[in-house]
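Take a look at the structure below.
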Amino acid sequence: MSIWKGVRFTHRFSELSSAFFTNIAPQPLDNTRWVAWNRELALQFGLPEHAGDEVLNVFSGQEDFAPFFPLAMKYAGHQFGVYNPDLGDGRGLLLAEMQHKDGTWFDIHLKGAGLTPYSRMGDGRAVLRSTVREYLCSEAMAGLGIPTTRALGMMDSDTPVYREKMEYGALLIRLAETHIRFGHFEHFFYTNQLSEQKLLADKVIEWHFPQCLAVEKPYAEMFECIVDKTAVMIAYWQAYGFAHGVMNTDNMSILGQTFDYGPFGFLDDYDPNYICNHSDYQGRYAFEQQPRVALWNLSALAHALSPLIEREDLEAALGKFEVRLSQKFSELMRAKLGLHTKVSDDGRLFETMFELLHQNKTDYTRFFRELSCLDINSPQAVIDLCIDREAASAWLDRYLARCELEVDEQGECVSVESRCAKMRQANPKYILRNYLAQLAIDKAEEGDFSEVNRLAELLKRPYDEQMEWDEYAKLPPEWGKKMEISCSS
Ligand code: AMP
Ligand code: MG
């Protein structure tokens, strides 16, 4: 029986004109082999739980496969604030769409597939190191419940690829409901292809925001949806301590999903000025800048959409960004602290907490996890995370006093056990720290993929106690905190 039976493919983007893409075949790598196959995700599409050569040959582009029509998308974008008209899929190809069991269609994108007309000075390849990082982080984000593109599988090869040193070419099979970026709209605007831009907007509405058709101004409504989804995504990043590193408009999905993992990083010590991208000399994309940059990017998109949407409507939608972001951020932070009711002094409690974390360079993830374990562990575990123990103790007393005021829907006091059990579902025990990714990469580069697979497995359930893997929840070593991740990938 064919292993493809029960898997449904289509390719709606390929039905658009050549203004949108170039049809181009993947250039196979030498001796391609599996590094990881995401079994859980595969089953959701009717794909086999274990992928052998047949699946590898099709997804790596070594064998023609009728449902696939590989194409490189054309887009542009603002990179570090400067408009670059020459972007597009320079090393990734959109192969087809595949249907999830719930009915949703997902793009299949093969990253590292070779040269395209948009490769510019690049070689069309992705190295193992960066492919492992994207695979692990997209799945870690999904495990945390943060909107993201997904990783179905990853392959390694014997094809040499030169970066700062000789490395090997790898392939990532990325899945996402769309690969349309802010930069797609910018491209059509700046090249004055306004009928193509309108068609793109119509398709985005048809495929992703059909509810917009029910209102008087569908395009304005579409933009408002993009603003809303972007605000929600950024709220998650800020609440969970995620820094993207390259928030260019060509790396912003119109569906508000974390997209194009490069030099990302989760906060270790709480530092609002954290810059995870070694090449970001100005700190344009520093952790605390992300909300501002997202709004800047949305304004760039608004400008590009000005032929379709009236100025007042664009401004009104942009005006909702901050409100939505702070509403979602506050909801997430309240869940992290187990404080669902609102009390007038809460703002001050939050502020002093962030001050405490900053001044004490406290580990962001561990702090919240320890707060979630006050039903089991002593408060000392929280205090020990801060250098200034007196300040930590004072804050904790205030926090615990505030917890006493917490009541459930029936107006009953919330017990410490029930508060903590819920908090553990909002505060991960395991996150993809840069040093953990690096240890997995070091082994993978020696041909041992066990660590990549173990981490991927662990990070699928970041909120659960996985006692046998306790060492992965440890605070990072000093070298792990100082890692410099460049854009080179
Ligand atoms: P990124 O920084 O990965 O978001 O990429 C920015 C642009 O450069 C996109 O148009 C990519 O397709 C392109 N690009 C990045 N790396 C390569 C490469 N090795 N070869 C060709 N194009 C690349
Ligand atoms: Mg990119």
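Sequential numbering from 1, following the chain as shown.
Backbone N, Cα and C atoms are what each Cβ position is placed from, and that goes for glycine too.
TrEMBL: automatically predicted annotations, no manual curation.
Taken verbatim from TrEMBL:
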| type | residues | note |
| --- | --- | --- |
| BINDING | Gly88, Gly90, Arg91, Lys111, Asp123, Gly124, Arg174, Arg181, Asp260 | ATP binding site |
| ACT_SITE | Asp250 | active site, proton acceptor |
| BINDING | Asn251, Asp260 | Mg(2+) binding site |
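Feature map: annotations from TrEMBL on the structure.
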residue: Gly88; record: ATP binding site; contacts (Cβ under 8 Å, 6+ apart): Ala72, Met73, Lys74, Tyr75, Ala76, Thr116, Pro117, Tyr118
residue: Arg91; record: ATP binding site; contacts (Cβ under 8 Å, 6+ apart): Lys111, Gly112, Ala113, Gly114, Leu115, Thr116, Ser119, Gly122, Asp123, Gly124, Arg125, Ala126
residue: Arg174; record: ATP binding site; contacts (Cβ under 8 Å, 6+ apart): Gly92, Asp107, Ile108, His109, Leu110, Lys111, Glu134, Ser138, Thr149, Arg150, Ala151, Leu152
residue: Asp250; record: active site, proton acceptor; contacts (Cβ under 8 Å, 6+ apart): Tyr75, Ala76, Gly77, His78, Gln79, Asn84, Leu87, Arg181, Phe182, Gly183, Asp260
residue: Asn251; record: Mg(2+) binding site; contacts (Cβ under 8 Å, 6+ apart): Gly77, Arg181, His244, Phe259, Asp260, Gly262
Neighbour-count leader, CB within 10 A, binding-site residues: Asp123, Asp260: Asp260
Where the C-beta lies under 6 angstroms from ligand 1, the matching binding-site residues among Arg174, Asn251, Asp260: Asn251, Asp260
Listed recorded positions adjacent to ligand 2, that is, members of Arg91, Arg174, Asp250, Asp260 whose C-beta is under 6 A away: Asp250, Asp260
For Gly88 (ATP binding site), the three-state class that DSSP assigns: strand
